[in-house]
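**Student:** Pasting a structure here, questions to come.
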Amino acid sequence: MVASNLTLQQRGWFDVLDDWLKRDRFVFVGWSGLLLFPTAYLAIGGWLTGTTFVTSWYTHGLASSYLEGANFLTAAVSTPADAMGHSLLLLWGPEAQGDFIRWCQLGGLWAFVALHGAFALIGFMLRQFELARLIGIRPYNAIAFSGPIAVFVSVFLIYPLGQSSWFFAPSFGVAAIFRFLLFLQGFHNWTLNPFHMMGVAGILGGALLSAIHGVTVENTLYQDGEQANTFKAFDSTQEEETYSMVTANRFWSQIFGIAFSNKRWLHFFMLFVPVMGLWTSSIGIIGLALNLRAYDFVSQEIRASEDPEFETFYTKNILLNEGLRAWLAPVDQPHENFVFPEEVLPRGNAL
């Protein structure tokens, strides 16, 4: 008894805190939780505050809050004014000077949500690393989650850092994200970018693989019985697999002429496809931050300009992009006071 008390007394505060953080509880905390929970709480709270009360009139000339009449699809926490450049927009910084209302008007909430959101995602990834380490499994969950982190950081942070200001990042809202997608298409021809193509293939391919895998397992479940390994429930200690890999292999071999014969390769492939899609999309967005162009089929553009009867889907899309730029820019960037003469504006076929 005395020895145990001495042991407890000799333990430092770090060991005591370590034990408390890693204690088995309903919601695991861990060291990663010290980063995750405060930053996630502040990011979500900042977003809810902004979408409820804060206008975008001073930054975008828009109404963007429930208080102004926006709904869930049109409300947003908008990016800071273009004049703010890449300032961190700290509440106590030279722009707001501690004035909370002025800070909100300048777009400080966006910087607040973006910064804390990025750290929250990193905290969630570290949480998966930490828990995997504690229970003795491999860290592929955390590695896979690097995909969403890469997309968030590239889209919300790296892209605007490559442009003139935070203004050109996406605002945090549904319709605001759609505006950003149209902007990427009109100004960067994003859909023709090979990294976007790889991203689409990865995400849709991952969804397809997930659906195929799910139905295959469902289709090859053992018939329920009363035996130890096939009773009407799942037992974490059962000796055999719950579904028949052999039957699944035979089925897909007949359908496609080829099938996975190894579970590890199958599941790694299901991990690899969507994560690579996210990574390649992120690389593409970094390219856009540097204003790198996608494919330019100049020969088709030259021929289309010389021959009125020659047009391809590519040349049609280029014209659509010109229309997007001409009509989007004056509305999207009202502070620039763009005025385009009528003769250079695109006209629809009906006109």
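Here the Cβ of each residue, glycine as well, is placed from N, Cα and C on the backbone.
These figures come from a predicted structure and were not determined experimentally.
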**Student:** Transmembrane segment per Swiss-Prot sits at which of 72-88, 89-105, 123-139, 242-258?
**Tutor:** 123-139
**Student:** From the ranges 5-21, 22-38, 277-293, pick the one that Swiss-Prot records as transmembrane segment.
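**Tutor:** Among 5-21, 22-38, 277-293, the range Swiss-Prot annotates as transmembrane segment is 277-293.
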**Student:** Does His196 (chlorophyll a PD2 binding site) have same-chain partners at least 6 apart in sequence with Cβ under 8 Å from its own Cβ, and which are they?
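**Tutor:** When sequence neighbours closer than 6 are ignored, His196 (chlorophyll a PD2 binding site) has Trp190, Ser281, Gly284 within Cβ distance under 8 Å.
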**Student:** Out of His116, His213, which of the binding-site residues is least crowded by other Cβ atoms within 10 Å?
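**Tutor:** Per-residue Cβ counts within 10 Å for the binding-site residues His116, His213 bottom out at His213.
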**Student:** Sort out the sequence-distant neighbours of Gln128 (pheophytin a binding site) for me: same chain, 6+ apart, CB within less than 8 Å of its CB, listed by position.
**Tutor:** Pro139, Asn141, Ala142, Phe145
**Student:** Same-chain Cβ contacts of the transmembrane segment (123-139) under 8 Å, 6 or more residues past its ends?
**Tutor:** 22, 28, 30-33, 35-37, 39-40, 145-146, 149
